[in-house]
């Protein structure tokens, strides 16, 4: 798969490819905390997706507050936090109790990733790699990449105009989720969810085509 396609799909690597109806999603979003947390503890994929949609904005806000880093780093914190939450959550009766625990998980995860980032930066500063001659792609590789890029462009152009615009703003223009959300009157979590779904579908189609 070409670098162009890999770049646009990288944030959807772990996204679910299952289709979900709007009614089912709404029902999960409104589910009582005790039932939602119990379902997540049981490994219910729909409950995990509903949890992500319901609490993404709050988790992301905490990640920004604890790290003061850029959006990409904060999204990594959110992703790792959700993985930890899913692995360790138990049935919780009330939302205040859940929120206090979620905040602690995000805080711990943020500090862990910050420490890992600093260690990596120190290691990289101590390394002085030997310069190598750059090697450009072969003619066949260039032709294949062009074909895949054109295929991807056609697929995106065929999408709903709003989704196509979101993809352009996010990946071509580098807009943050918050900025896109403001432009469309949506929360960052909603924007993230829509992009993850459509890019997951595009990724599956690309794997079949190439």
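Keep in mind that glycine also has a Cβ here, set from the backbone N, Cα and C atoms.
In TrEMBL, the annotation region 'Disordered' applies to 122-146, one of the ranges 97-121, 122-146, 147-171. Residue counts for the domain 'RNA polymerase sigma-70 region 4' (157-203) by DSSP state, with H, G and I taken as helix and E and B as strand, are 37 helix, 0 strand, 10 coil.
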